[in-house]
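Asker: Quick one: the structure is below, questions incoming.
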Amino acid sequence: MTSSPVPGLRPDAELAQVIAHANRSDNEKIEYIRAKEAFIIDMDGVIYHGNTLLPGVKEFVQWMKDTKKKFLFLTNNSAPTPRELQQKLARLGIHVDESHFYTSAICTAKFLSTQKPGGSVYAIGEPGLHYALYSQGFDMNEVNPDFVVVGEGSGLNYEKMARAVKLISAGAKLIGTNPDVNAVAEHCLVPACGAFVSAIELASGKKAFFCGKPTSLMMRYAQRILGCSRDAVCMVGDRLDTDVLGGIYAEIDTVLVLSGVSKREDLANVAYAPYVVVDGVGSLVPPSSSSVMQAANES
Ligand SMILES: O=C(O)[C@H](O)[C@H](O)COP(=O)(O)O
Ligand SMILES: [Mg+2]
């Protein structure tokens, strides 16, 4: 076996494989991704925009089912429960089991249960966040909680923010479910969790800990659910700063789809790159697959 003289660096044989992996053509890279055993798939901007299903999604999900891929929809949106996401997809014509959904709220609740099992929280967010926290054994507490947890939603107001700052000054830890500062809704940007947390950080003088993508925490939880090695998994997402970065931190191959937030020109503004860039998830379905043939016949 060839070995590197420097501990921790790749031996020559492995380095050669890495170079070959990086130097494939785009078509070869897509083929390589198609052969993965499991897919972690972001939702907003990949599967839908608001209540509109994106092109190619039906075929992609059908192909994953037909080829027995493992898959997990992974969203930084902490507002819905897995069941609500399952019902939303069903209304859009995609039928998958509730166990295929994972949110930043669940990731946050799981992380907090490792920090302070049975603790209490002051939570600012939507039902999906409260549901996840209750499910992990946390109580709601507006007086002396262990954590102030901020998630997605339109409920943040001056009163809640002032309470959060007061509780943090008294010792509660500030937790954000996800760092996205904005999201696309109805064709324009709207503020999201990262922006709300920023305001509380400024007012309290304390830095938050974020749980959702791009943390390797969320990627590792997802990988564990899928039960695959990192080489067998890929991350498909529409944001460089959460989905692609999350995959890179977790050493998982990434696919950037251009159907959401990040655009091809944004690639020039970051010091990392996805493994491959495609227009949408439909590009990951082999043209000869039966789901594509069926869609063509139906149109
Ligand atoms: O609204 C937000 O917080 C997020 O930007 C959005 O919901 C993220 O969703 P994802 O793309 O992770 O499904
Ligand atoms: Mg997205």
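Here, residue 1 is simply the first one shown, and the rest follow in order.
Keep in mind that glycine also has a Cβ here, set from the backbone N, Cα and C atoms.
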Asker: Based on TrEMBL, name the residue from Asp231, Asp238, Asp241 that is recorded for the same Mg(2+) site as Asp42, Asp44.
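Answerer: For the Mg(2+) site that includes Asp42, Asp44, TrEMBL also lists Asp238.
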Asker: What are the non-local neighbours of Lys213 (substrate binding site), defined as same-chain residues 6+ apart in sequence with CB under 8 A from its CB?
Answerer: Asp42, Leu74, Asn76, Ser104, Asn178, Met219, Gly237, Arg239, Thr242, Asp243, Leu245, Gly246
Asker: I'd like to know which of the recorded positions listed (Asp42, Asp44, Lys213) lie near ligand 2, counting only a CB under 6 Å away.
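Answerer: Cβ < 6 Å from ligand 2, in sequence order: Asp42, Asp44.
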Asker: Quick one: of Asp42, Asp44, Asp238, which of the recorded positions has the smallest count of other CB atoms within 10 A?
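Answerer: Among the recorded positions Asp42, Asp44, Asp238, the sparsest Cβ neighbourhood within 10 Å belongs to Asp44.
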